[in-house]
Structure formats: C-alpha cells, structure tokens
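Structure, as structure tokens:
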C-alpha cells in the first residue's frame, strides 16, 4: 500500500491528539454532573445505533454482488432504499412527534434488525423488502434520536448551550471513532474469519438489539404535539406551514438538502475518482478509515467553533471550502490527462484528490454538529421530527436521480454539480445569517429593558453550576 496513505493517516492522528489534549478553558463548557450522566447515556445509545449502521454500509453492494446481481439490479435496490426513505420518512417522523420519540427510536431498532435478517436470503424480492425497511430506518435514525435528545434536554432544564457539547461528542464518537471500529470489525468478520458478507449484518443486528434494550430501560418518553385531534394530515399541514411562514426554517432545509445531497453523491464517486482504471487498486478500508478520521478532526474543530463563534457565520466558510474541495476533480480533469497512466503507483493528481477528499470529510465533521445546533434553535418542538423528515424529501429525490444517471455523465461533471450545490448552500447560509441578525436588531428595543432576556440561545451566558 502507498506510503502516502500512512503519512496522511499519521498526520491526522497527530493533529487530532494535539487538538484533544490541548483544549483550553475557552474550549470547555462548564456543565453539571446530572447533565454529564444524561449526555453519556445518549452517547452510548447513539454509538450503538451508528455502529449498527456503519457495520452494514461497506458490505451492502458486496453482498448483492455475491448473490450474483448485476449493477442495474443493484442500483434499483439502492433506489428503493432512498425512495422508501422519501415516501415513508415523513410519515414515521409525524408518528414520532405524535406517539413518542422513544417509541420511534425502538421502532428504528426493530425495523433495521428485520432489514438485517433479509440479507440472509438471495431472493431479489426479499432483498427489496430489506431495502424498503432500511430506508424507513434511516429516516428514523436521522430524526427520532435528535428530536428525543433536544426535547429531553430542554425538559430537564439544562442550558441550551450544553446541547452543542452532546452534538459534537456524538459526531466525534458515533460518526468517527465508531465508524472506524465498525469497519475493522466488519473486515475481521467478513475477511479474516471468512464468515462471508452476511456476517457484518448479523453483528449489526446484535448491537441494535443491545441499544434497543438500553433505550427501553433508561429513556423516558417525550412528544411533539400529541393532541388527539391532530391526525397525520394536520401534522403535515402544521409542519408545512411552519416551513412556509419562517424563512429561517426554509433556508435551513434547503441548506441541509444541498449539502447532504452532495455528501451522498460523493460516497458513490470517490472510489472511481481515486481508482480511474482497473490496473490501479486502492485500499478501500484504509481510505474509509482515513476519511472517518478527517470527520473526527472536523467535529473536534466544531466543538471549538460553536463555543467561540456564531454558527450561522462560520458555516459559510465551511460550505465554500467544501465546494472548493469537490471542485478539485474538475480542475484536475481539465488541466491533467492521466487516463492512460498504467501501473500501481499513485499519481500526483491522485494524491491531490485524496487530500481534497479528506478536507471535504473534515467539513462533513463540522457540518453535523453545527446543523444539529441550528435545528435545535429554529425548528419548533411540536413538529420537529416531521419537519426534519420534510427536509429529507428533496435530498432523497436528488440521490435517486443521481443513482439512476450516475453512468450517463463523466465523474468530473458530477463533482462539478456537487461543487455548485455547495456554493449555493454557502449563499443560502449567508442569507440565513442576514435574516437572524435582522430579527435580533428588531428585538433589541423591546428586550433592552430586561437584562435577563437574551436574543439567541447561541449567546446565552453560562450559569455557574456547582459540581
């Protein structure tokens, strides 16, 4: 394997250790022991849920290929998953708001476990059912847990700023460290122990069952708007009205869809971008671990940015940097022609692409806790899960279109499209900042008479908590 991969991985480890060990007092938020216990409980559950997801990811395509299905058939299975998330995600989000976020989290575990079980069958129809179940589970994963956390955090009376601590740690551990460990465990089960491509799915089912037990015995229930008179149609109308009437929510949804759409497209494109011909083999597992390490670096940086700067401000820079990193393949394709290069050695442009992709993954690590923080501030509690799944509708449409046409355009065109979308996200983020600052200025005259009032949870002063 190229020594360059080891060099990049080692440098990132050194930077991450320096950042974590060198945290100053400005980077730490004083909290209470009760909050620490609550946070740690959530992090255990979140890491178990994400481990169940990460264990499956690298082996879904491999399993379908192992069963002998063609690329077209596999593509339709993936489209079914994203389509399921789009069609049923909003419904399960509304059910979570009405019938409880704890129940929705348990439903996620059950749905994903059933999806894992379907992988034992080589029948296409059963695998299709598994993809539909997986799409429903994905919608629950990215809405029910965060909605439960925000509601429970506020119900227990914790400071709003402390949410950023939980968000940053959740991304650092759940989307970073857990992803790396899950990749190693999956590789050991499927490769070293030669248990086959189904083994990671069985391991995922076990972890999901453990997490479900923790949820059932340690979480309390909370709701959005549980009014009996409100059926699903009324809940949809309430959520749609909230998005239409509040520009901040609409902007947040558009920003999220643009960034996540580009992120999911990147997942499909990075392999052919780094391995442009069959003679050049890349270490997929090690590259994946390196990308997750980059994401951990980003989440570690985010924990500092959130405490020192306004989220709406620094995210503009993050989106511009991410747009630049995905523009690299377009620039390299225009300036350099290496399509005829043979041999196993990594080219200079390949090294540049790899570094650019690591930068993009670092931006992803900053994005998650930051968007979670903004959602906790701007999305109304009574329709939180419903609105969050509304945001995923354009995202899933976009990914389905990309999957259906991924072979119709050159890779550089696809990356260029993602770069444009990320540039649009930066523009919308700027607009969000302008709207927020304008509303704050309008509130100053009426709030200036009361020193205890603050304009934004982002700038609330910390209260001293006795340990």
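Please read every residue number as a count from 1 along the shown chain.
Cβ coordinates are placed from backbone N, Cα and C, and glycine is handled just like the others.
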Original post:
Pick from 222-244, 314-336: which stretch is listed in TrEMBL under transmembrane segment?
Top reply: 314-336
Original post:
Of 139-160, 249-270, which span is tagged transmembrane segment by TrEMBL?
Top reply: 249-270
**OP:** Count the Cβ pairs between the transmembrane segment (43-62) and the transmembrane segment (162-186) that lie under 8 angstroms and are 6 or more residues apart in sequence, then report whether there are at least 3.
**Re:** yes
**OP:** Residue list, the transmembrane segment (198-219) vs rest of chain: Cβ under 8 Å, 6 or more residues beyond ends.
**Re:** 41, 44-45, 48-49, 51-53, 55-56, 58-59, 63, 102, 105-106, 109-110, 112-113, 116-117, 119-120, 148, 152, 185-186, 189-190
Original post:
Honestly, do the transmembrane segment (348-368) and the transmembrane segment (74-93) touch, with at least three Cβ pairs under 8 Å and pairs 6 or more apart in sequence?
Top reply: no
Original post:
Looking at the stretches 6-22, 74-93, 162-186, 314-336, 389-408, which one shares the most CB pairs under 8 Å with the transmembrane segment (249-270)?
Top reply: 389-408
**OP:** Kindly say whether the transmembrane segment (162-186) and the transmembrane segment (74-93) touch, using the definition of 3 or more Cβ pairs under 8 Å where each pair is 6 or more positions apart.
**Re:** no
**OP:** Report, as numbers and ranges, every residue of the chain located at least six residues beyond the transmembrane segment (314-336) whose Cβ falls under 8 Å of a Cβ in that stretch; write 'none' if there are none.
**Re:** 255, 259, 262, 266, 273, 305, 349, 352-353, 356-357, 359-360, 363-364, 366-367, 370, 410-412, 415-416, 418-420, 422-423, 425-426, 429-430, 433
Original post:
Against which stretches of its own chain does the transmembrane segment (74-93) lie, if we need a Cβ under 8 Å and a gap of at least six residues from its ends?
Top reply: 60-61, 64-65, 104, 107, 127-128, 131-136, 138-140, 143-144, 232, 236, 385-390, 392-393, 396-397, 399-400, 403-404, 406
